[in-house]
Amino acid sequence: MSIGNALANRSFCVGLIVTSLIALVALVSFVWTPYPVGALDIAGKLKPPSAAHWLGTDHFGRDILSMIMVGSRNSIAVASVSVAIGAGIGVPLGLWGAATGGFVDEVLMRLNDLVFAFPALLSAVMITAVFGPGAINAIIAIGIFNVPVFARVARAAALSLWSREFVIAAGAIGKSPARITRDHILPNLASLLIVQATIQFSLGILAEAGLSYVGLGSQPPMPSWGRMLFEAQTMIGLAPHIALFPGLAIVITVLGFNLLGDGLRDVLDPKFQ
Amino acid sequence: MKSWKLAIAGVAISLVMSSASFAAKTNLVLGIVLEPPHLDPTAGAAAAIDEIVYANIFEGLTRIGPKGNVLPALAESWTQSDDGKVYTFKLHKDVKFHDGTAFDADDVKFSLDRARGDKSTNAQKGLFSAIDTVNVVDPLTVKVALKQPSGDFLYNMGWGDAVIVAPESAGTNKDKPVGTGPFKFDSWAKGSQIVIAKNADYWGKPALLDKATFRVIPDPAAATAALLAGDVQAFPVFPSYETIPQFQVDPRFKVVIGTTEGETVLGMNNKKPPFDNPKVRQAITHAIDRKSLIDGAMFGFGTPIGSFFPPHHPAYVDLTAETAYDPELAKKLMAEAGHPDGFKTTLKLPPPTYARRGGEIIAAELREIGIDAEIIPVEWAQWLDQVFKNKDYAMTIVSHTEPNDLNIFSRDDYYFNYDSTAFKELIKQIDVTSDGAERTELYQQAQKLLAKDVPAAFLFQLPKTGVWDAKIEGLWENGPIQANDLTSVKWLD
């Protein structure tokens with residue numbers, strides 16, 4: 001991989017720019033938002049975009065731009081932690097299965113299949129409904145369904161690596177399977193896992209928005225894009241902008257991370273070079 | 001933008017015209033927000049039951065009219081003894097239940113004894129507490145003796161919980177209600193709709209509709225869409241306040257904003273610290289701006305209240321000034337109560353818009369005086385179980401829609417956990433006072449006591465936001481009791 005190669009890939013460039021901007025917005029929201037995010041101004045509710053409120057105000061007179069900025073933090077936090085959970089559990093499981101093979105591998109993969117068999121978002125709804133709505137439970141629910149994704153990707157790629165000469169050579173000089181996995185398998189999987197993480201990240205954002213939309217994600221006063229969409233639903237005829245902007249935020253973010261993931265795959269995959 | 005709106009409106013109008021402009025229609029589809037758990041009004045507190053069966057399927061000795069007044073129903077007249085303790089009811093003759101069995105004085109005795117008996121599952125047993133004995137004089141005459149004179153007795157007999165049922169069908173009324181009303185139960189598709197049909201053998205003035213369908217539509221956005229599309233022709237209590245202005249300017253619809261008996265309160269657990277301190281409760285009351293609450297959560301629909309009493313009642317005193325929005329005073333009270341830096345607590349919110357949206361506004365206002373209230377949304381079943389039954393809560397928002405329910409603050413095991421001997425004494429006096437002026441005076445004392453003690457923060461009176469087809473006539477404007485009385489509803493042609 002080279003920088004020149006990467007920059008020649010259009011979807012990688014666009015994805016990188018969009019995601020960097022979103023990350024920047026999230027970081028800026030820690031120190032500055034146009035208005036304090038919890039501030040209500042009932043008298044100034046449902047105002048269309050103007051110089052004072054760039055994206056208008058919602059049904060409580062809150063500044064939509066501020067809410068979207070702070071909401072990005074929520075989306076990114078939920079998505080990244082759930083990806084970390086998925087990768088943190090799934091990758092070691094996949095590698096373990098590939099390294100030992102046989103019965104352990106079989107059991108791990110069937111467990112994977114079991115989790116995979118449930119539709120992810122539906123099960124996330126179930127988990128949050130049972131354990132109570134909230135950002136933490138949403139993270140856990142989304143994270144659990146990231147586990148088999150990472151486990152499969154890691155195992156499949158690791159299996160193909162185990163038959164390569166350099167791995168066999170490492171075994172011949174007496175390295176244990178655990179050390180081979182750490183020194184030779186994992187580094188060669190990294191690029192693949194990064195691509196998968198990027199894609200799971202965008203799915204995580206979408207899942208968080210979906211859970212918040214049905215009221216099972218993070219709770220007020222923490223702004224959440226999905227909940228903003230839900231609250232805007234009945235007012236869409238009155239003030240379309242309050243549904244438009246959180247919707248756009250979700251679309252742009254998911255698109256950005258998908259483009260980044262696609263681009264990364266093209267750039268990192270040796271077959272395309 | 002404008003042109004496509006016009007185009008859509010045009011299409012909608014032509015669709016409505018083509019389907020509806022023949023003869024006057026005799027069926028009606030009404031939207032309701034909550035599906036009733038069952039259909040027996042004598043065995044459940046849910047307002048959704050009465051909203052379907054009251055006056056339509058079941059009737060009592062008396063009934064409550066559209067203005068909250070007591071009218072004769074199955075009893076065509078009554079006399080009261082001089083000491084006020086014995087009522088003699090003269091019943092209508094030739095009244096039949098929907099299953100064909102005859103109605104007579106024995107059914108009255110059965111129903112009243114059943115409702116106040118030990119095994120009664122009636123949700124409002126208090127309505128019958130004044131009754132000493134019920135005696136059948138002849139098949140059309142019943143004598144009810146009271147333990148003490150009761151000013152509310154005739155009114156109480158008009159509640160949905162006091163309807164007359166037959167011994168033959170009392171056990172199965174939950175699924176197949178059998179009453180004496182102008183409509184009979186037709187079918188119930190669970191989760192979707194309940195259909196009632198005209199009772200051809202009705203003893204009184206027959207219903208003008210042949211069929212009425214109650215369609216369950218919990219989602220406010222879907223309610224708006226269903227009305228606009230004509231799937232539902234009337235929403236007696238329309239749940240989407242923000243789209244009401246849109247119906248107000250639309251000549252196809254009539255929007256009627258009336259009053260209800262729904263006092264909306266921020267309930268506090270009076271036994272749970274720090275809410276056991278009246279200063280904390282007063283601070284919370286003064287931290288809430290009712291105007292922004294009504295504007296923000298209700299889009300301006302609702303009347304502020306300063307105590308637990310409906311503003312349309314003759315004995316109402318306006319106490320909103322005594323408990324007005326005053327954040328400085330609220331902070332001072334918090335400091336006096338020993339919480340200058342506030343505290344953390346929880347706010348459990350049931351599903352209705354007024355609670356979920358109102359809760360967000362109140363939580364934001366409470367943050368201004370240092371109270372950090374975590375919002376916990378709950379479904380109705382959870383709310384009833386956790387808050388109402390087990391009192392496992394700190395704060396909650398709910399609307400109390402029963403009429404004449406000031407006495408809930410005198411109940412020992414009620415979810416507010418409010419315990420005031422002075423208030424209980426007042427309620428006891430009200431119960432035995434039948435003189436109008438004296439009652440008014442007592443009611444006002446009780447209201448003032450509540451506004452001072454604030455066992456709950458009193459927010460606003462829930463409006464009855466009725467939206468229906470402009471060609472429908474006869475639906476109630478106000479909600480003096482939980483009911484959708486369809487007995488004189490008709491389509492104009």
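Yeah, the Cβs are placed from backbone N, Cα and C, and that goes for glycine too.
The annotation domain 'ABC transmembrane type-1' is assigned in TrEMBL to A:72-261.
Listed as Cβ neighbours of the transmembrane segment (A:12-32) (distance under 8 Å, sequence separation of 6 or more from its ends, same chain) are residues 6, 66, 69-70, 72-73, 76, 252-253, 255-264, 266-267. Sequence annotations record features per position, and here TrEMBL assigns transmembrane segment to A:12-32 (among others).
What TrEMBL lists as transmembrane segment is A:76-99 (among others). Long-range contacts of the transmembrane segment (A:76-99) within its own chain (CB-CB distance under 8 A, at least 6 residues past either end) are made by residues 22-23, 26, 105, 108-109, 112, 135, 138-140, 142-156, 158-159, 162, 177-178, 180-181, 185-186, 189, 193, 197, 200-202, 204-205, 207-208, 217-218.
Look at TrEMBL and you will find A:111-129 (among others) tagged as transmembrane segment.
Marked as transmembrane segment by TrEMBL: A:135-154 (among others). Note on the transmembrane segment (A:135-154): residues 74, 77-79, 81-87, 89-91, 93-95, 97-98, 108-109, 112-113, 115-116, 118, 120, 123-124, 127-128, 189, 192-193, 196, 200, 204, 207-208, 211-212, 216-219, 222 of its chain, located 6 or more positions outside it, place their CB under 8 angstroms from a CB of the stretch.
Annotation source TrEMBL lists transmembrane segment at A:189-216 (among others).
What TrEMBL lists as transmembrane segment is A:236-261 (among others). Beyond its flanks by at least six residues, the transmembrane segment (A:236-261) meets 11-12, 14-16, 18-19, 21-22, 46, 48-49, 55-56, 58-59, 64-65, 67-68, 71-72, 75, 195, 198-199, 201-202, 205-206, 209, 225-226, 228-229 of its own chain at Cβ-Cβ distances under 8 Å.
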For the transmembrane segment (A:111-129), sequence-distant contacts whose Cβ falls under 8 Å of one of its Cβ atoms, 6 or more beyond its ends: 93, 137-138, 140-142, 144-145, 147-148, 151-152, 207, 210-211, 214, 216-217
